[in-house]
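Read the structure below first, then the notes.
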Amino acid sequence: MIFSTLEHILTHISFSIISIVITIHLLNLLVHDTVGLCDSSEKGMMATFFCITGLLVTRWIYSRHFPLSDLYESLMFLSWSFSIIHMVPYFRNHKNSLSAITAPSAIFTQGFATSGLLTEMHQSAILVPALQSQWLMMHVSMMLLGYASLLCGSLLSVALLVITFRKTLGIPGKNNHFLIGSFPFGEIRYFNEKRKRSVLKKTSFFSFRNYHRYQLTQRLDHCSYRIISLGFTFSTIGILSGAVWANEAWGSYWNWDPKETWAFITWTIFAIYLHTRTNQRFQDVGPAIVASMGFLIIWICYFGVNLLGIGLHSYGSFALTSN
């Protein structure tokens, strides 16, 4: 009873803090960039991280298994993963260029997890025999860390496409400034002077706005590539460990289960992204389109099976819980 109450308190505290963080971030964009607001936002995300960590540890203690057995627990772990991705850039250079992506993603996943749709999953249950394995922590945690990284990288690619096509189509409006201000990357440090001269040739000498926009798109492309590469690595480890676990549990490494099929499709999409990103003929827009497609595929892979409750991976799904 004590652990359940503590988990309930930590859930509401973390959700309240991250809501305040998003409000601060919006005020920072609408009013002006102030150090005080930025610091408050970062401290809020750290507090959210510790609250969700405490929540997961508490659930782990009283359930006696790693909290990744149903949709509710996986959503909370996904929100925890977003908070980690949020803090990494800040600790590296004290500038968070991902706050416009990670904070809304964290509140969306946690909000859905704590909604009335998943109320019955809030109470921990005994693991089914197939999930009583040491591979549970390895496989599911790697997949969810991969999903979080791939989603963040894909959203950066979506932002790149929005900025690029608004410029190409010549769409006016203040939203350009709002979108550009959402990603405080600052000045790009070019690896060599040749790269810098290439950037200057592609923008007008007298157009600082175009130069800054081009800098932003290049930085978005670079950050998207790095985060997606990390997520692709996590997903690969997760799929391989899942195959070993499947062989132990079901006697086969691969069964073309709906979850496995969509995981393979997701992996293939981002493998194509990495290939096009390293190809000189496809730059910026081409890989960004592929990554944007991957954003939708990830949600189909993650929510599709869990919401429909079909296949071998339907443990703790929404459909089974509702029934």
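Cβ atoms here come from the backbone N, Cα and C positions, even for glycine.
The transmembrane segment annotation in Swiss-Prot covers 9-29 (among others), and the record cites sequence analysis as its basis.
The annotation transmembrane segment is assigned in Swiss-Prot to 45-62 (among others) on the grounds of sequence analysis. Through the fold, the transmembrane segment (45-62) approaches residues 3-4, 6-7, 10-11, 13-14, 17-18, 21, 73, 76-77, 79-80, 83-84, 86-87, 99, 102-103, 106, 110, 124 of its own chain, all at least 6 residues removed from its boundaries and within a Cβ separation under 8 Å.
Annotation source Swiss-Prot lists transmembrane segment at 71-91 (among others), citing sequence analysis.
Proximity of distant same-chain residues to the transmembrane segment (98-118), defined by a Cβ-Cβ separation under 8 Å and at least 6 residues beyond the stretch ends, is recorded for 11, 14-15, 18-19, 21-22, 25, 41, 45, 48, 52, 71-72, 75-76, 78-79, 82-83, 85-86, 89, 148, 151-152, 155-156, 159, 182-183, 223, 318, 321. Under the heading transmembrane segment, Swiss-Prot lists 98-118 (among others).
Summarising the annotation, Swiss-Prot assigns transmembrane segment to 143-163 (among others) and lists sequence analysis as the type of evidence.
Swiss-Prot lists 227-247 (among others) with the feature transmembrane segment, giving sequence analysis as the kind of evidence. Within the chain carrying the transmembrane segment (227-247), a Cβ under 8 angstroms from the stretch's Cβ atoms is held by residues 85, 133, 135-136, 138-143, 145-154, 156, 253-255, 260, 263-264, 266-267, 270-271, 273-274, 291, all 6 or more beyond its ends.
The annotation transmembrane segment is assigned in Swiss-Prot to 261-275 (among others) on the grounds of sequence analysis. Panel annotation: around the transmembrane segment (261-275), residues 143, 150, 225, 228-229, 231-232, 235-236, 239, 242, 287, 290-291, 293-294, 297-298, 300-301, 304-305 of the same chain, lying at least six beyond its termini, place a Cβ under 8 Å from a Cβ of the stretch.
Positions annotated as transmembrane segment by Swiss-Prot, on the basis of sequence analysis: 285-305 (among others).
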Notebook entry, point to check: Near the transmembrane segment (9-29), which residues from the same chain, at least 6 beyond its ends, have a CB less than 8 A from one of its CBs?
Noted result: 37-38, 40-41, 44-45, 47-48, 51-52, 54-55, 58, 99-100, 103-104, 106-107, 110-111, 114, 178, 181-182
